[in-house]
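**Q** Take this structure first; my questions come after.
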Amino acid sequence: MTTMIWVGFGTGLGAACRYGITVLGKLVSPTIPYATILINVIGSFLAGYLTGSQLPGTGALFLLTGVCGGFTTFSTFSVDTFVLVRNRQYLVAGWYWLGTVALGVLAVVCGLWLGR
């Protein structure tokens, strides 16, 4: 039960950080979802780093499942892509989709490398 509480606390912390970055991102660009890209790349890096560092038990669950799980946002990435396509910003949507996936995978690799 204690582990579940730590995971829940981490999820709340990650979601609050995501919200803050999203608000700041809309100030930079209300039409292109830069914040979502940044959030997912940072989260991917952290997930790779934490996996590579092999944190034990509750600490790993708090940070990886909780904080990273609450921070990253695949559903928002999907909605943002849909909105760009719906608004006929096909080139932006394609680059956004491809760039987010490529940067996410690269961030995991870098995180794993640094975590070891």
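Using the three backbone atoms N, Cα and C, a Cβ is placed for every residue, glycine included.
Residues annotated as Na(+) binding site in TrEMBL: GLY69, THR72. The transmembrane segment annotation in TrEMBL covers 32-50, 62-83, 95-115.
Where in this structure would I find these features, and how exposed are they?
**A** In this structure, GLY69 (Na(+) binding site) is part of a helix by DSSP.
For the transmembrane segment (32-50), same-chain residues at least 6 beyond its ends with a Cβ under 8 Å from one of its own Cβ atoms are 14, 18, 21-22, 24-26, 60, 63-64, 67-68, 71-74, 76-77, 80, 92, 96, 99-100, 103-105, 107-115.
Within the chain carrying the transmembrane segment (62-83), a Cβ under 8 angstroms from the stretch's Cβ atoms is held by residues 6-15, 17-18, 33, 36, 39-40, 42-44, 46-47, 50-51, 55, 93, 96-97, 100, all 6 or more beyond its ends.
Away from its own ends, the transmembrane segment (95-115) comes close to residues 32-33, 36-37, 40-42, 44-54, 77, 80-81, 84 of its chain (Cβ-Cβ under 8 Å, at least six residues beyond either end).
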**Q** Among the binding-site residues listed here, GLY69, THR72, whose Cβ has the fewest other Cβ atoms inside 10 Å?
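**A** Result for the binding-site residues GLY69, THR72: minimum number of other Cβ atoms within 10 Å at GLY69.
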